[in-house]
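Taken straight from Swiss-Prot:
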ACT_SITE  ASP123  active site
ACT_SITE  ASP141  active site
TRANSMEM  4-24  transmembrane segment
TRANSMEM  42-62  transmembrane segment
TRANSMEM  70-90  transmembrane segment
TRANSMEM  102-122  transmembrane segment
TRANSMEM  137-157  transmembrane segment
Amino acid sequence: MSKPICSTGLRWLWLAVLVVIVDLSSKQWVMTHFALYESVPLIPFFNLTYAQNFGAAFSFLADKSGWQRWFFAGIAIGISVLLMVLMYRSTAKQRLLNCAYALIIGGALGNLFDRMVHGAVIDFIDFHVNNWHFPTFNIADTAICIGAALVIFEGFISPAEKTAMNKGE
């Protein structure tokens with residue numbers, strides 16, 4: 001017997017859709033207004049820099065022959081499906097966990113779109129201190145990291161606290 005979607009964690013998928021919209025809109029804006037590798041300083045430690053990443057986080061496997069595009073696409077699809085199954089099995093009241101899953105799904109789908117359409121992930125957020133630059137990233141990466149941190153945080157919450165949170169207390 002199936003459950004009504006609104007009673008499951010899938011109710012929170014609107015957050016994944018929001019992440020995808022904001023992510024793809026920001027990337028489109030950067031691609032429209034910047035040349036590849038163009039950098040515009042905004043404040044002393046933050047630039048907008050249009051970059052393409054053919055690998056994963058920190059350009060992992062970026063120097064390979066192209067197979068990594070499909071590998072990372074498969075991972076994004078697999079993780080998104082797995083998290084949607086977990087959301088379906090959870091209740092809508094499990095807000096923290098479902099929001100975390102939705103953030104990860106939205107980020108994964110935003111970067112998946114880039115891989116399939118552009119052949120690489122579009123990055124543009126560039127933090128730096130003097131000549132040391134943190135790897136350039138995007139809104140999708142940020143959503144994935146926040147979602148993963150929330151999953152870890154949720155793991156530290158006691159069952160009694162989870163029950164209270166889910167009741168809205």
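Think of each number as a place in line: the chain as shown, counted from 1.
The backbone N, Cα and C atoms fix where each Cβ goes, glycine too.
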Beyond the flanks of the transmembrane segment (102-122) by 6 or more, those residues with Cβ under 8 Å of it: 12-20, 23-24, 27, 30-31, 50-54, 69, 72-73, 76-77, 79-80, 83-84, 87, 138-144, 146-148, 150-151
Cα-to-Cα gap, ASP123 (active site) vs ASP141 (active site), nearest whole Å: 9
C-beta crowding around ASP123 (active site), within 10 angstroms: 23
Number of other Cβ atoms within 10 Å of the Cβ of ASP141 (active site) across all protein chains: 21
